[in-house]
Amino acid sequence: MTETVSTREATMAPPRRRNRMSAQEARTALVFLLPSLLGFIAFMLFPIIASLAISFTNWQLISAPSFVGFANYQRLFTLDPAFYTVLGNTLFFTLEYLVLNIVLSLGLAVWISSLKRGQRWFRVIFFLPTFTPAIAASVVWLLIFTPGGFMDTVFQTLALHVPNLLLDPKLAMQAVIIVTLWANVGYNMVLFNAALDLVPQSYLEAAKIDGASAWDRFWKIRLPLISPTVFFGTVMTAITSLQVFDQIYVVTRGGPGSATATLGFAIYQNGFGNYQMGYASALAWVMFIIIMALTALQFWLQRKWVHYDS
Amino acid sequence: MTANALPTAAARPRRKQKNAGLKLFLDILNHGALTLVALAFLFPFFWMVSNAVRSDAEVLAVPPRLLPTEWQWENFAEAWLRLPFGRFFLNSAIVAGGVTAITIVVSALAAYAFARLRFPGRDSIFVAYLGTLMIPQVMLVIPLFLIVNQLGWVNTYQGMILPMAFSSFGAFLLRQFFLSIPRELEEAALIDGASRLRILVSIIIPLSLPAIGLLALFTFIGQWNNFLWPLVVVNGMEYATLPLGLSMFQTEQGTSWNYIMAGAALSMLPGLVLAVILQQVIYKGITVGAGFGGR
């Protein structure tokens with residue numbers, strides 16, 4: 001490593017002293033970087049490569065793994081009837097949750113920014129659950145949803161004939177979405193609220209004088225100006241929601257049947273329930289590719305609605 | 001207010017005053033409506049505490065009562081000592097504290113190298129770090145478990161801490177911050193012959209405390225709330241963290257809901273306290289995110 005430095009510096013024909021100094025600088029850099037680099041290689045780079053390698057084996061922990069080529073991927077797409085259910089559940093969850101999260105967090109952000117006083121206290125209230133364990137939020141909501149519990153009582157009192165959310169295969173995912181929204185909507189709310197604060201007041205006043213209504217001011221001035229932040233929030237939320245696991249593990253266990261089994265849950269179940277490390281790794285790579293594809297799609301779509309001018 | 005300032009224009013101030021009255025009314029209505037929404041939003045917290053301090057039989061009564069007939073605050077002590085949520089609390093603190101301490105030291109060193117030192121391959125290593133920011137945790141969990149299992153670290157603190165302590169995010173965040181510090185501040189020290197480590201510790205880090213504090217806060221909370229990794233690498237109660245302990249009791253038949261709610265409240269406490277006390281810090285930190293997303 002030191003050699004490459006000296007040769008590169010030598011071609012630029014620097015004085016001797018500088019040459020020695022940059023070699024020393026590179027050595028210092030190596031010492032500074034070493035702890036991070038070792039950890040990065042051991043717990044990030046190597047696991048990523050290992051994960052790909054394992055996905056081409058039939059490793060089951062007890063027996064030695066053997067190479068099976070694309071058999072795991074073939075099984076996924078052609079043999080395993082559960083895979084398309086899981087994929088459908090994941091995309092359904094992500095789509096509905098993403099839309100509701102962005103609409104609600106943006107709505108709350110605008111509402112809070114319209115207040116004359118107490119903005120920061122409302123911000124804190126809606127932000128609170130994002131700092132608490134998803135598992136804790138999930139057990140609390142599980143008690144709310146439990147048959148004969150608070151939610152059922154509310155439905156009964158209002159004379160709504162809604163079956164228990166956890167027992168109905170069509171509604172169970174809605175329970176998961178409610179928990180996830182409650183637990184996470186505050187983060188994007190604060191993000192968007194902060195962006196709204198940065199919109200120059202003079203723009204809004206000029207529009208007001210020209211007779212633009214609050215509605216127009218939102219759609220034509222504020223939303224376009226904060227659209228890069230909304231885009232950022234949408235991309236990050238999509239990436240995390242494709243991985244949803246904690247809430248499902250506690251609230252529904254993927255049930256009833258497999259109505260709420262998502263990719264994250266299926267990876268855990270195959271890997272640590274059935275010890276099929278190879279198959280679970282193949283599922284994980286499918287998830288990673290979906291994350292990349294969805295993110296690429298969003299970057300492509302952003303040209304239609306995100307405004308980046310200063 | 002304007003009425004006094006402009007006594008000559010008699011007609012206009014009166015209309016303005018009426019408008020001001022209407023405006024005040026709408027303003028109060030606006031605050032009131034959002035207060036109702038906020039109260040509904042806080043309901044799960046209320047429900048958790050209200051069920052934590054009643055008897056188990058009353059938790060499952062149909063229809064549920066809003067408040068307990070008898071307030072059993074001793075349920076918290078019971079959950080802390082007997083279940084043992086006290087032990088889980090300690091494990092969570094050790095793991096989250098350990099990951100945070102290592103992350104800060106390792107990230108600061110690496111970030112300084114990335115921000116200030118010239119060495120071959122710097123930019124490609126940095127790009128490799130950035131590239132892993134999008135890797136889903138659930139994908140890493142399988143190979144990480146196999147590594148930790150091989151090392152005999154299942155059910156150990158090092159097995160819980162080390163694999164989580166080297167996120168590239170920390171190095172990335174601190175590098176961006178270090179780059180914003182003027183170089184002139186360290187040049188004098190360099191000429192005086194101070195070592196790079198000395199410069200990092202006595203010049204750069206004191207100037208970067210807001211960024212380091214933010215990284216520490218978000219790392220600590222992230223690890224305190226982490227569930228998937230403890231679930232994979234721990235079995236049994238001895239090393240269970242709070243989220244893992246909660247899920248263990250929830251799946252066990254016959255565990256009392258009131259104690260689970262008490263445990264949930266205990267697990268939420270540090271995050272809630274930090275969110276309230278450090279609200280301005282968090283807001284500023286996320287604002288950086290807002291600006292960053294706008295780039």
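Here the Cβ of each residue, glycine as well, is placed from N, Cα and C on the backbone.
Note: TrEMBL annotation is automatic and uncurated.
Small disclaimer: the values here were computed from a predicted structure and weren't measured.
Per TrEMBL, these features apply:
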TRANSMEM  B:24-47  transmembrane segment
TRANSMEM  B:88-114  transmembrane segment
DOMAIN    B:89-278  domain 'ABC transmembrane type-1'
TRANSMEM  B:126-148  transmembrane segment
TRANSMEM  B:160-178  transmembrane segment
TRANSMEM  B:199-221  transmembrane segment
TRANSMEM  B:227-247  transmembrane segment
TRANSMEM  B:259-282  transmembrane segment
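Same-chain residues lying 6+ beyond the ends of the transmembrane segment (B:259-282) with a Cβ under 8 Å from its Cβ atoms: 45, 48-49, 51-53, 59, 75-76, 78-80, 83, 85, 88-89, 92, 210, 213-214, 217, 221, 224-225, 242-243, 245-246, 249-250. Ranked by the number of CB pairs under 8 Å to the transmembrane segment (B:126-148), the listed stretches B:24-47, B:88-114, B:160-178 are led by B:160-178. Across B:24-47, B:88-114, B:160-178, B:227-247, the stretch most heavily in contact with the transmembrane segment (B:199-221), judged by Cβ pairs under 8 Å, is B:88-114. With a cut-off of 8 Å between Cβ atoms, the residues of this chain six or more beyond the transmembrane segment (B:24-47) that come close are 268.
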